């Protein structure tokens, strides 16, 4: 258990740092204000799959809070929570044991993408906008538009780049029973 907690702490630090750096360097704007294509969610998917839902939550939450603080001066807490929840849900989208054994085929890809799509819909289409209305008194039409666009572009980003990262990772793992004794 202690070894696992050390892995989670290290993964959280590295993952949060990558979340900040990628979010800072690769930020592709959309026509909707304050909404952009964010490639760090693909990395969040990889780390969440490898280290579990808790690490995923911490990486998303801490990474987003730091990114907002560095780029905008203060975190937008409802969306910071959203990133944490995305990491949490993404951690449930992949069977970690299978992935570390090199198994990430069509069945696993479909499962992962169903989970990530539903998570994006719930987090960015409902939780973050409702939080913006309740916490920041933002106009509903504005925040739901931002949430829907963010959810769609994040779902697409994770479907393409996140799936690719997971597939590439699985390809580096040796499947059990594939080594022969000579």
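Heads up, the Cβ atoms here are built off N, Cα and C, so glycines get one too.
If you look up Swiss-Prot, you'll see 8-28 (among others) marked as transmembrane segment.
Proximity of distant same-chain residues to the transmembrane segment (42-62), defined by a Cβ-Cβ separation under 8 Å and at least 6 residues beyond the stretch ends, is recorded for 7-8, 11-12, 14-16, 18-19, 22, 80-81, 83-94, 96, 99-100, 112, 116, 157-158, 160-162, 164-166, 169. The transmembrane segment annotation in Swiss-Prot covers 42-62 (among others).
Per Swiss-Prot, the feature transmembrane segment maps to 74-94 (among others); the stated evidence is sequence analysis.
Among the features that Swiss-Prot reports, transmembrane segment is placed at 114-134 (among others), with the record citing sequence analysis. Beyond its flanks by at least six residues, the transmembrane segment (114-134) meets 45, 77-79, 81-82, 85-86, 89-90, 92-93, 140, 143-144, 146-148, 150-152, 154-155, 158-159, 162 of its own chain at Cβ-Cβ distances under 8 Å.
For 146-166 (among others), the entry in Swiss-Prot reads transmembrane segment, with the evidence type sequence analysis.
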